[in-house]
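A.B. asks: For reference, TrEMBL lists these features for the protein:
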type	residues	note
DOMAIN	25-62	domain 'RecX first three-helical'
DOMAIN	69-109	domain 'RecX second three-helical'
DOMAIN	121-162	domain 'RecX third three-helical'
Amino acid sequence: MLVAPESGLKIQRLKMREELERACRYALRLLDYRERSKQEIRDRMKKKGYGDDLIEEVLRYLEAHNFVNERRFAQIWGEHCIRKGYGRRRTYIELREKGLETDLIDEVLNELYSEVDETGMALSLIKRRRFLLRGSRESRIRRTYEFLRRRGFSPEVIHEVMREIESVEGLTDSGNML
């Protein structure tokens, strides 16, 4: 059976439109679960076998209709990290892994962490994990330091926490825990 060139183009356009709609539905389903960065959507769609051009077209559509917004995502993810008790460094790393631009991350984290007492947050975490304060002085220092480092707190915050613990609980005689 011969198909007229005109109808062949129509069929091709219909197939492309169906593929675009299917890709959009998939991306919207991803966004139903939680807010995502463009890079996360791009990675998931690549895994699913969608082509680069189609992915970029879907991302343009999502962005144009405000389904995807990098600033909003950074804000939501940053707030999530603060609730989980993560320091600024860990939050920064997580946002970079999610494909966000450094300038945007810095801007959002400056806003979010300006309202957060990181030292107080770190102290609260340590108080809930009393096992960190057992054992010899060296093991207490090591465990506490490593725990807070993994949580993304800066060395300055960690040292402040160590001094606070020392002053409250009198962990050393020298007056300097570190």
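Cβ coordinates come from backbone N, Cα and C, glycine included.
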A.B. asks: Where DSSP helix means H, G or I and strand means E or B, what are the helix, strand and coil counts for the domain 'RecX third three-helical' (121-162)?
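C.D. replies: Helix, strand, coil within the domain 'RecX third three-helical' (121-162): 34 helix, 0 strand, 8 coil.
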A.B. asks: If you average pLDDT over the domain 'RecX third three-helical' (121-162), what do you get?
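C.D. replies: Mean model confidence (pLDDT) across the domain 'RecX third three-helical' (121-162) is 87.
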